Amino acid sequence: MTLVLSQFFTGISIGAVLLLIALGLSLTFGQMNVINMAHGEFIMAGAYTTYVLQQVISDAGVSLLIALPIAFAVAGLMGVALEWLLIRRLYTRPLDTLLVTWGVSLILQQVARDIFGTPNVQTRAPDLLTGNVKLFTSADGVELTIANNRLFILLLVVLAIGALTMALRFTSLGRRIRAVVQNRDLAAVSGIPTGRVDRLTFFIGSGLAGIAGVALTLLGPIGPTMGTNIIIDAFLVVVVGGIGQLKGSVIVAFTLGVLQSSVEYLTTLSVAKVIVFVAIVAFLQWRPQGMFTLRTRSLA
Amino acid sequence: MIDWISKRTRARAGLGFALGAILLFAVAPVALTDFRLSLLAKYLCIAMVAVGIGLAWGRGGMLTLGQGVFFGLGGYAMAMHLKLADAGEGNMPDFMELYGQLDELPGWWKPFANPFFALAATMLLPMLVAFLLGSLVFRRRVRGAYFAILSQALAAALVIFLIGQQGTTGGTNGLTDIKGFFGYDLADPVNKRMVYFIVAAVLLVLLALARQLMQSRYGELLVAVRDSEERVRFLGYNPANVKLVAYVVAAGMAGLAGALFVPAVGIISPALIGIVPSIEFVIGVAVGGRAALLGPVLGAVAVAWARTALSEKFPGTWTYLQGLLFVVVVAFLPGGLASLVGMVRRRTRPAAPAEPTAPAQPPATVLEGASA
């Protein structure tokens with residue numbers, strides 16, 4: 001029982017990081033139908049922001065807290081720049097945006113290498129986040145603990161989802177974003193400045209990647225290619241969850257996280273990856289448009 | 001009118017084909033040193049993958065970001081056979097005893113000792129995987145970006161899988177140090193030349209095959225599916241099958257390319273087939289021109305050559321250049337360099353009759369169904 005629970009918690013914390021990345025992707029994917037391969041590099045930017053701040057501010061806790069808004073702004077502004085320079089010219093050609101943003105991501109990785117060097121760097125975690133929380137001791141004396149940093153990330157994710165949901169539901173910007181997602185043309189004729197909404201969406205979505213980058217510094221080293229590997233999993237979350245559907249992303253991120261960690265426990269990491277992939281393809285047989293979709297009258 | 005145009009284009013294509021054959025078989029072997037020639041063999045292998053991508057993506061609109069998977073399957077199938085042949089009857093490949101600590105050959109390696117099985121597997125294995133994924137995905141009308149992401153995830157999964165099974169696959173190192181090629185010693189430059197000639201001949205065959213496919217009724221149908229899948233469905237065809245054929249053929253081409261890459265270069269490893277190399281296959285195609293026949297080939301060779309020439313001397317600069325090349329070509333010249341020819345021709349000869357050249361416009365990929 002303890003084992004099952006501990007795998008479950010590991011899975012949840014894998015899912016939390018995935019979700020943080022997938023939230024931003026889902027938002028921009030849903031809004032503009034574009035796939036941003038440079039999202040991984042926005043994560044990297046967030047992580048390096050944390051690293052730089054820690055060089056300036058010696059208190060790890062303070063620098064981490066300051067890093068959150070700054071990383072959001074840095075990654076967000078990078079997203080806006082990308083949207084303004086390239087993506088808005090291309091959004092009738094979604095597959096091409098994928099390729100173009102991959103070119104951008106190559107360039108950004110090289111920029112990181114030139115500034116920070118090829119080897120990975122590390123940040124110090126604040127003391128508060130280095131310990132574990134003991135949840136309970138089972139009858140046979142096995143303790144179930146959760147690492148504080150994982151709890152912190154979970155909290156961060158809950159806050160991010162809460163803020164995003166509130167913003168989408170109750171603010172006028174949120175209403176506009178939802179309108180553009182549902183029907184861009186109709187939103188445009190209703191007087192919504194879709195171009196400006198796109199840019200703001202990109203700011204928020206990319207900013208979330210920056211926050212994810214801050215979170216990732218608590219889990220491992222920071223390097224120029226850190227975004228590439230994790231972003232594929234996040235894309236899968238978006239695809240399976242249903243594009244532009246936050247609740248789909250939430251459910252799928254945690255499910256995939258738990259699936260990954262439990263299969264991994266039973267077999268090995270490498271087999272788990274393959275099984276998760278097969279599970280995703282199988283799931284798409286059942287719901288090819290993802291778990292949740294907007295109802296439309298379009299074909300297929 | 002149509003007849004006249006097709007006759008003229010056919011003559012021109014035949015001429016181009018002959019010219020290419022002369023360059024590959026007569027000029028290159030004389031003009032290049034052994035070292036350069038074996039580099040060219042490597043580029044031509046990449047070009048074979050590009051022919052398949054041109055078919056699947058340029059003609060069929062399926063952006064496949066996972067051709068490395070098929071390239072890798074073909075490469076590993078070939079390398080497994082060559083390793084076994086190098087080790088000799090009854091012996092195990094060197095690396096297995098080193099890291100695997102295995103007492104005997106794993107069961108799934110055994111069939112690859114047979115050269116005919118291994119050769120068939122280099123093409124059939126990738127085609128089978130492509131068939132399985134493609135039939136599951138296309139029948140459920142998963143397409144566009146969804147398909148691209150899935151194909152990419154497959155590449156990621158395969159690489160992690162290969163690295164994880166270090167004892168039987170060589171892990172991160174892959175299968176290295178391949179000495180012989182069906183009884184010929186690869187250290188001998190004469191045999192290296194032979195490999196080059198095989199590679200060049202296979203590339204020409206694949207180009208001819210791709211041309212036949214593109215010119216056939218099936219080719220028309222494939223373009224029709226790319227441009228409007230719904231309309232093709234309403235006309236009574238099943239778009240899933242049309243796409244499946246192109247995807248499977250592309251996978252077979254990539255598998256063959258991987259198989260020939262192994263004797264040409266002497267190694268196959270996860271680093272050669274993962275996400276990054278898979279996208280790099282696409283770069284060459286995009287630069288050369290995705291919808292034309294020769295565009296992908298020339299683009300792939302040019303980009304691979306530029307990479308060798310620049311990345312050793314200026315690794316940082318090359319990465320910037322590669323990224324920039326990708327951004328500029330895809331965003332501003334979606335037809336690739338091949339479309340420049342058409343543009344210049346249109347400008348210099350405004351009265352020329354419209355020719356059925358490859359469309360310069362990129363496939364307007366359908367994503368509406370997914371979310372709009």
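Easy rule for this one: first residue shown is 1, then count along the chain.
Placed from the backbone N, Cα and C atoms, the Cβ positions cover glycine too.
Per TrEMBL, the feature region 'Disordered' maps to B:351-372. Look at TrEMBL and you will find B:12-33, B:39-57, B:64-82, B:116-138, B:145-164, B:194-210, B:244-269, B:281-306, B:318-341 tagged as transmembrane segment.
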Subject >> Beyond the flanks of the transmembrane segment (B:194-210) by at least 6 residues, Cβ under 8 Å >> reply: 17, 20-21, 24-25, 28-29, 37-38, 40-41, 44-45, 47-48, 51-52, 54-55, 181, 184, 186, 249, 253, 256, 260, 263-264, 293-294, 297
Subject >> Leading contact stretch, B:64-82, B:116-138, B:145-164, B:244-269 vs the transmembrane segment (B:39-57) - CB distance under 8 Å >> reply: B:244-269
Original post:
Which stretch, B:12-33, B:64-82, B:116-138, tops the Cβ pairs under 8 Å count with the transmembrane segment (B:145-164)?
Top reply: B:64-82
Original post:
In the same chain, who gets a Cβ under 8 Å from the transmembrane segment (B:64-82) while lying at least 6 residues past its ends?
Top reply: 49, 52-53, 56-57, 109, 112-115, 118-119, 121-123, 125-126, 129-130, 147-149, 151-155, 158, 162, 169, 174-175, 178-181, 247, 250-252, 254-263, 267-268, 270, 272-275, 277-279, 281-282
